Structures are given as C-alpha cells and as structure tokens.
Amino acid sequence: MVGPLSWLLASLAVLAVQASVLTLQSPRLTVSSSDAAQLRSEPLSLAHKVTPPVELRATDTLKLTFQIVDEDGKGVQPHQTFVRFYDEVTGEEGIQPVKVTAGGKAKLELNMARPPSSLPPSGKDPIKVSLYLGSFKHDPAQYELFDLFVPPSQPPAQHADEVFFHPRPEIFHTFRPEQKVPPKFVSAVFTLLLAAPWVVLLGLLAHIGPQVPYLFSSGIFPFIATLGAFEGLLVWYWVDLHLGQVLLYGAILSIPTAIAGKRALAAVGERRLGKSSPK
Amino acid sequence: MRFLRTLLFPLVALTSLALARSSTGDTVLVLLEPSLKKENFSIFFGDLEKKGYKLTFRSPKDTTPEIIKDDVAQFAHVVVFAPETKTFAGDITPQTLVSLLSKKTNLLLALSPKQTPLSSLAAEFTLILPPPGTPLISHFPKRDTPATVVPVEPPRAHHIISDGLAPVWFSGVPQALGNSPMLVPLLQAPPQAFASDADSDSGADALVEAAEKSGEGLWAGSSLSLVTGFQALSNARATWVGGIEIFSDEYINKEISKGVKSGNRQFVKDVAAWTFQEANVLRIDTVEHHRVNETLPRETYTINNQVTYTAYISQYDPELDLWEPYSGINDLQLEFTMLDPHIRTSLPPVAGEPGKYSVSFRVPDRHGVFKFNVDYKRKGWSYLSSTTVVPIVPPRHDEYPRFLSAAWPYYAGAFSTSAAFLLFVALWLAGDEREPKKGKGSKAE
C-alpha cells in the first residue's frame, strides 16, 4: 500500500514543483518630480516593453511597485528579486536588489537626487531595465520592463595605465622654418656692381696698350703657370677638398712654384741688367 | 624555407593531430591537493599530455620537486589545483608565486569559496573576491542541477576562446574586476547570477542588506568574471579560475541539453593554450634603422636627416613550433624620444613583406641622445617593447648648404682678386719697359 501511494505522492509533488510559476501582480510605474507632482503613472505590461521610454531628470523620482504571486495567487518572497540596469552601448551594468515583504509586495524607488550606487555610468544611450525573479522553489522568471534615460554621468574611472593599451595620439615635431635667402635679383645686381671696377681697369689698360713680349719665354712662363695652378688648387679646395688635402697639395705645389719664381726673378733681373749696362 | 614547410606540415599533421607546443617550455608542475584525485581530471590532463607537455604531480605539502631552486624556476608552467589548501610547503608562498611570474613562468590557479592564502593573493591581482562561503549561484535557466552549478555562455568573437562553443558548466566563486588593464576576462558571469550562501528562499533579506552595505555590497551580474587572465609585464600569464570543477571529467561529460555536450573541454583547452604561451604570443625579432637612401645603420644621425626604422615581428605557431612573420598589427606605434617623445607615428606593415613594419620620418632639428621606442600593449597579446638608442648630432662644418645665391657677390669678388693678381704678375714679369711717348703734355724737356 505504501509503495504505490508514495509513488503517487511523489508524482504529484513533481507536478506541483513543475507548475509553480511566479508572476507579477499589478506592476505599476510612477515618475514624480521633486515637488511630488506625478509626471507619469501607468501599469506595466509583462508582455512587451513600455513605450515611450521613461525619462528622468536630475530631480525626478521613479517608483516601481508590484506584487509577486505564485500560480495560486498567493504572495511569495522569492530568493532573488533583482532589477538590472544595462547600457548596451558601453556594456556598463548595475544590479539592484528590490526589497520584498513576506507577502510578496515589492517596491523600488530610484531618486535621481541621490542615485543608488547600482545605477551604472551612462551617456546618452538608454539603459535597459529588466527584472529577474529567482527562487529555489519556483521556476525563474525574467521580464524586460522599460528603457530608461537618465542625465549623463561621469565616465567610470580609468586606470592610469589604460592609456598605454590603446593607440596614443600622434605627435609631430615643429621644425624651425627654413632660413630665408634674399632674392637672387639683389645678388645679381651687386655682382654686377662688383664687375664695375673691371670695366674701368680693362678700359685703362686698353688705353695704355701694354705688351707682354716675354710671357712665353722659358723663364717667365713656368712661374705664371704654377701661379695659375695654385689658383686652380684654391678653386678645387672651394669645391671639393678638405683642409688637410689642400695643405698637402699646396705644400707639394709650392716647391716648383718657388723654383720657377726664382728663375723668373733671375730672368727679369738679367733683363734689367742687360738693359742698364751700356753696350 | 616555404618549400620545406609545405613538406613538413602534412608529416607533422599525420603524426599527431593535436600536437601544439608552448613557446616557453613543456615542463608543467601540477600542485594537486590530496583530496582531489588525478583520475577525476583525466581528460584535461590527458589533453595536455597529448599536446606534448610533461606533467609532474606534487602535493602542496610535499617539499620536492621545488618550484624555484637556487633562484632559477624549475618548471615552465605551474598549475595550482589546491583550492582548499590552507597551508602549503615552505617553497610555495605568495611571494614565490609572484616571483615565478617575473621569472617568466606561467600560472594557472583555481580558487574556491573557502578562504585560503590564494584568495589573498588574488587581491594582489586586483581581483575582488566575495566573502568566504558565498559561491556563485544562478536560478536561471531552469535546470535539474543545483543552483551552484551554473551553465555559462562563453564569450563570442573573443580572440582567445574559440567561437561557437556550447555553454560551459561552472561552479565556484565569481571575481569582481578592478580596472587594471592587464586583466583579461575569459569568462563573464551570466547577468542573472550572483554570489550567495543561501540554499532557501529565506535568504532574500540578507541579499538586500548586503547591497545596501557600503563598499562592495553585492557580487552580481555580467560584470563579474569567472575565469580571469592576467598578463604581467614580463609577459608571463597567470589565469585565475573561480572553481576547479570546470576542469573535471564530470563537467566535461555533462550535457547542457539533450544530446549537446558542454563546451568545457574546448574551453579549458583554450584557457590552457593562452596561459601556457601557445596562443597570442608575439615577439620582435630584430629592428633596423638607416638613412632613407642607404642600407647600413650609422653610429650617429644628423638633424633633419630622413631616417627609416624597420621592425620585424613574428607570432608563435604552436602546431609547427615555429615563429612565423606576422603582419596583423595595424596600430603599432613608434616613438622617437629624448626624455619626452618628440615624434610619435604609426608603424604600418609593409604590403608584400610579411612581418615587416616600417616608417620613414625626418629627424627633429634638436641634437641629443634619442631612442627609437616601440611599446605595444594590448589585452590578451604579448607585450612588445624595444628601445634603440641613437645619438643625433648637429651638422658638421661641411654639411651646411653651400653655393648660396646670396654669396654671388663674394664669389665674384674672390675670383676678381685672383684674376687681377695673376694679370698683374703677368704684366709685371713679362712686360717690357717702354720709352714714354713723345706726345702732348710730356715733360720731355
């Protein structure tokens, strides 16, 4: 007798557990301003979200009241009655447990003048508000209640090293401006000015009409040539050489220059002596 | 090289399908507390051994083998499956575990709702644990397991955890994360889950009071992390797992729903792969710098030079045990620094040359000792850092602009002087004396 009866009781118990579903009775949403004027008051639907979304200003208060009942209509206090605030765009979340009496009556008050710490940091995007009912004895239930707009908050505090984990702003160096060069026309004018003494010199020389009969003689020409080579070495130094190189080449070149110079002076001296000694 | 690889890969694939090596070593020390049996974790340990790891088992109270001997880490990785051990042997202290990280040894640690030395060590990693004795529970979804055994959806589109895994069974403590950027959450709690020590509905009031307490209040929601990775500056990785049962054979074989196995096996394989430096491991092979039209580097560069900097980066391929060039970083940055960065510019990958990142820029017009600084840190990837010191000198006396147009008058003057001197010498040496012409105005008389 005990066997089949206990089997029957067990199956009834299982059926009872399986069928114990929690629902909300008379859920109500109220938004009131700081001077107790009711801005919005309406019952909540469990089937779909409340439209339009709820907007709270910095001084408003949101009140949410409901009663949790099981399928017999009796009020229950489940283990978990949480309201979840979730910002989908930033991923910030806050969980607020709701105070429920033993008879299942629940009230949540959200005063924006003193916001609860569970309200996550948010920007301009809506916060999705949902309700979770969890219990050891009954099946769990969750409802999407409404979207909430609150005044934007400070962003969450960042760790000092967080900056290094993202690309950092680029830095460009401001270079000193290029040195300005005076216009080429001015340089050209002054170069021409420098040519002016040459005009005078060449003109006067033409007037005198000097002659250089001994230029290609063997005494004079080597010296003129080595002097020309020295000038060439200096031009080469200006274009390409370093000081060490020009000093070396100059030292080498100075030997034939000195020899040629002595010969040239001797030739000039001989010429003079030859002229002055009467013959 | 590529030809050898095409030959090698099928051979390697034939020999062992799941051979995947770590880039830092194969030796693993498993600290298994005596109350846990090795056979209960046979699938997890078997998968590790199949990959090629050499596991050494030790009880936390044994004194050998030591984890650090003569200041040298003895193992490449250490797995601490001692969630309820309150006293460890002398060589395992929070300080030695942290020094293991600076010796580049990776750690995998399991926690439990009991208070142990490991829970206070977790706080050093900015993980905030709930009070002792409050494991994670969730009433959602409706299931036959107790509320403390929670199925958790693994993250989607995560660069460490494989995509498309079935939900993972978890039981243990959740961790609230501090805002340290070195933390890498690997498994977030479901939004309906919370930490509680209750086992009946009468605990509801305690929950509300916990939330109203100032301080941490209530551990709840999807901001909690159940498996958290931490990458230290030495690139060693430490993963904290909220409960050890996630590795157990029982949870691996448990079905999520009819006919669908849980995702535990692949999930713990991915967690171990990341922790043991198989996945997401990068390194800089070499860096080069030279002037734009040259190939060899110089001892010093001059201000306003155009300089090219090149970095070669590879990623570790665990299946082939090779470092392969990797061009997937598109936000790498180079800083040219003397005390403060003077230039920070992006270092883009060079198209057509895998692994090569290069940028050319103009050296600032300040001289001094600069350094090329690459410092790349991203969650979940190895940290890359390289510093090359290079002096920048002002131009030498002959490196300034020459032959300026403003100097034309001076050139003309100098050449005039030389020419006039040569003309005079020629006239004087080679010229002839002439009788003054008897002409008008001469003083011939």
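Cβ atoms here come from the backbone N, Cα and C positions, even for glycine.
Keep in mind it's a predicted model, so treat the numbers as computed, not measured.
The annotation domain 'Ribophorin II third' is assigned in TrEMBL to A:30-119. Sequence annotations record features per position, and here TrEMBL assigns domain 'Ribophorin II C-terminal' to A:175-272. Residues or ranges marked as signal peptide in TrEMBL: A:1-19. Marked as transmembrane segment by TrEMBL: A:185-208, A:220-239, A:245-265.
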Chain residues outside the transmembrane segment (A:185-208) and at least six past its termini with a C-beta under 8 angstroms from it: none
Same-chain residue ranges lying at least 6 outside the transmembrane segment (A:220-239) that approach it to Cβ under 8 Å: 214, 245-246, 249-250, 253, 256-257, 260-261, 263-264, 267-268
Positions on the same chain near the transmembrane segment (A:245-265), where near means CB under 8 A and six or more residues out: 219-220, 222-223, 225-227, 229-230, 233-234, 236-237
Three-state composition of the domain 'Ribophorin II C-terminal' (A:175-272), taking helix and strand from DSSP: 74 helix, 0 strand, 24 coil
The domain 'Ribophorin II third' (A:30-119) [mean pLDDT, rounded to integer]: 87
